[in-house]
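Trainee: Following this message is one structure expressed as structure tokens.
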Amino acid sequence: MNLDLGSTVRGYESDKDTFPQSKGVSSSQKEQHSQLNQTKIAYEQRLLNDLEDMDDPLDLFLDYMIWISTSYIEVDSESGQEVLRSTMERCLIYIQDMETYRNDPRFLKIWIWYINLFLSNNFHESENTFKYMFNKGIGTKLSLFYEEFSKLLENAQFFLEAKVLLELGAENNCRPYNRLLRSLSNYEDRLREMNIVENQNSVPDSRERLKGRLIYRTAPFFIRKFLTSSLMTDDKENRANLNSNVGVGKSAPNVYQDSIVVADFKSETERLNLNSSKQPSNQRLKNGNKKTSIYADQKQSNNPVYKLINTPGRKPERIVFNFNLIYPENDEEFNTEEILAMIKGLYKVQRRGKKHTEDYTSDKNRKKRKLDVLVERRQDLPSSQPPVVPKSTRIEVFKDDDNPSQSTHHKNTQVQVQTTTSILPLKPVVDGNLAHETPVKPSLTSNASRSPTVTAFSKDAINEVFSMFNQHYSTPGALLDGDDTTTSKFNVFENFTQEFTAKNIEDLTEVKDPKQETVSQQTTSTNETNDRYERLSNSSTRPEKADYMTPIKETTETDVVPIIQTPKEQIRTEDKKSGDNTETQTQLTSTTIQSSPFLTQPEPQAEKLLQTAEHSEKSKEHYPTIIPPFTKIKNQPPVIIENPLSNNLRAKFLSEISPPLFQYNTFYNYNQELKMSSLLKKIHRVSRNENKNPIVDFKKTGDLYCIRGELGEGGYATVYLAESSQGHLRALKVEKPASVWEYYIMSQVEFRLRKSTILKSIINASALHLFLDESYLVLNYASQGTVLDLINLQREKAIDGNGIMDEYLCMFITVELMKVLEKIHEVGIIHGDLKPDNCMIRLEKPGEPLGAHYMRNGEDGWENKGIYLIDFGRSFDMTLLPPGTKFKSNWKADQQDCWEMRAGKPWSYEADYYGLAGVIHSMLFGKFIETIQLQNGRCKLKNPFKRYWKKEIWGVIFDLLLNSGQASNQALPMTEKIVEIRNLIESHLEQHAENHLRNVILSIEEELSHFQYKGKPSRRF
């Protein structure tokens, strides 16, 4: 069957799926539209029902596409173009992995047809599609592939690469062979006419360049688009059925939603039949001019559901809450804990009368995944069913009607008030079908405190909140238009009691479509949890910003005398710096720490240190895999990136990672601006003198953070000390404009080193809340200061103010830094900003005492002493780049930057090695590093060593670190040499440190336990 490759189809719109019913068309045109719709439906039904049993499935696709290009487009070009493109994409994706069609001329012509029709104006995407075909082996035995690909390269003026490509086809004996030779001969004639002549040196270069061009890094866009929307599809039968018998609520933003949506084919067929049949013969034809639909919403957006309660003797009350989640069936009842557990995939419910065997379900899922590509992508919004609740608790549901034509009729019936008195049950229900062991909360007691002011986050506070909800109710009249449903941004009140109202129960206020399938990645139940939780956290009765982050509130704090000793809990200490350009640090006294709004007695910092090994066991299961290394091409010059910190470059890298960031368990994306960072800073500065602290509540996680103080402020970020509702201290890094790069790097480090104990020496990111204008990175908090703080502390202890750090302590910290650099370099991460104030002190106090002699393997308690490496905002992931890639700085360099940066030369790992030298120099000399360059081009320290230092050790270290990029035969990273020097230092410590190093560490450990920020700059020396 022949395809006209010269035909062109112009114009394409992605959001039309049927023939538009034009106004003023003739009856013959309507009949023609109806016939085309019926033919289209017949083809779609054959694709779904007959394709799997056909000997030649490509033949059906060809018939369908030729019918569209010859009949459909002639009647309606716009809709026909979309249908043609969708059909071609489905055909290419469905057939591409069938070995029979790899070198079928018909299949190759469809690829070329698609490229010429829809990608002709995009050279990058056209070339990427050809590269994808080449790597998949599609058409590589056919001359047509090389001819068309060479034409594309020729038009882009890659003349020699196009010639080499034709020669490659001839070497592979592609058919028809004689035609390919003629094409090659004609092309050589054209090159001679253009005076493009090859020489002996240009031929190998052309072949190497062609090999580089044939390496594809991402699949074509339409394939990535399909994978985004279909591979994460999950069947409704595999999750708790919370969507049955509920009305249509406001549709939640779909994190995994693509522009193409999988829809029910049966509903689509019925809709097409309905559109074609609704043409009255005696109807008056209207004017064909299009009118602007101001309030029309073709997607039939869902509407909020709420309850109106009339309690005798009280004002009418409206509760934005979906009670159909509590009573999904006549004989079933769930409490709020069970509902949240089911939403998160932690609670499985076996419906009565609905038995599905595992074999049947698995077979059905496999068939659906295989045929999913054949289904036209549409959005299906079926009408909602009336909610069903038990008779004893039946209440009226007020929601906007989806059918405007019947709004008047329903309005009269819905506004009727039915007064019913009952108590909403919140007791836990024990069910045998638990996906995990979930603890059952004790039932509420009637003797719970009813005090309106609760200052501690305790059982009494929980009972108080629940008791406010467990009261009699009745359904009053509808809410008036003038009623205020907004919330203020900031409120100051004297305690921590919060009302259980709309802004606090947002996660349960939405009604889901019972027929709508949730799109999610089938990886882990935890991933599905975040997806479904995010979709259920929107309500249309609140201001738009309340969807994403609750107002920041301030509370007046008072010191509480500890009565009950809280259990000791170990947590990892956190980042307390804002990264580079740290300017100021706000005073934090023991009074502010002890005046917690959450706990009676905050946990001592020395007892809140978590072993990273435990954390790594609980790490996310579906972190992105390490991207495979690029294929190294011999004699290829290294890639040099001029502006390595460019936001556009980072955005490009993040757009190509797989899986994408929004699938990370601790990544929470909000599709809205927040504009709260400056307001948060202002309120904190005003309220800290009154001992009132703002509270930040992230709705997608339910995490509450009380801002305790300001740790640091830079050019783009401010770091706050925040206390969680569990009493854990966290560092909250607020960055404007929003940034995700540091979170990505830290997530990659945690995943790639998940089996290594070195993670205890790297700060951990708990979560990232990303808004359009700013980002909130939640980090673990380290309370013992930085290496720079330790240096300044040692200087202050000296009488003349010029004290320096103990040499053995310098060696110990140097060894710990080398261990971290070795590991992150092994997994392709360059820190890029290594300096004293990005290294935190980690002197944990576990039960095991510190041994008298230094142990390099960490025994005798030495594994609990070390550093934290923080601030990965200027880091690089070398696995995203070709091997040997280097960077050129576009910022002004100084003595704190490596020699390559200052000389304007390319660099890579040299930045970390020079940074390590700078940290060591600061510890030894008590001042920032200064270097001079010798006549032979090598660098050395400007300041000489003291006579009593171990010059044989420090000389070797600085010579290697300062000149890491000088040796021509030195391959970076030079991990083996770093390990060799580290072993030298460790051997010296084991042989000579004896009790001295232990005593020094215990001494500074005691000093740092009382360490408090005094609001003075860190970088002072």
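Just so it is clear, glycine is given a Cβ too, placed from its N, Cα and C backbone atoms.
The active site, proton acceptor annotation in Swiss-Prot covers Asp833 and is backed by sequence analysis. What Swiss-Prot lists as ATP binding site is Gly715, Tyr716, Ala717, Asp837, Asn838, Asp871. Per Swiss-Prot, compositional bias 'Polar residues' is recorded for 19-35, 517-528. The compositional bias 'Basic and acidic residues' annotation in Swiss-Prot covers 569-580. Swiss-Prot lists 582-596 with the feature compositional bias 'Low complexity'. Marked as domain 'BUB1 N-terminal' by Swiss-Prot on the basis of sequence analysis: 47-212. For 705-1021, the entry in Swiss-Prot reads domain 'Protein kinase'. What Swiss-Prot records for 1-35, 351-370, 398-420, 511-545, 567-600 is region 'Disordered'. Here Swiss-Prot flags 289-359 as region 'Interaction with BUB3', drawing on experimental evidence.
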Trainee: For the recorded positions Asp833, Asp837, Asp871, which one has its C-beta crowded by the most other C-beta atoms within 10 angstroms?
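Mentor: Its Cβ has the most other Cβ atoms within 10 Å: Asp871.
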Trainee: Quick one: of Gly715, Tyr716, Asp871, which binding-site residues lie within 10 angstroms of the residue listed as 'active site, proton acceptor', measuring between C-alpha atoms? Sequence order, please.
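Mentor: Asp871, listed in sequence order.
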Trainee: Say we define neighbours as other CB atoms within 10 Å of the CB. Which of the binding-site residues Gly715, Tyr716, Ala717, Asn838 has the fewest?
Mentor: Gly715
Trainee: Determine, from DSSP, whether Asp871 (ATP binding site) sits in helix, strand or coil.
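Mentor: Coil, per DSSP.
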Trainee: In which DSSP state, out of helix, strand and coil, do we find Asn838 (ATP binding site)?
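Mentor: Helix, per DSSP.
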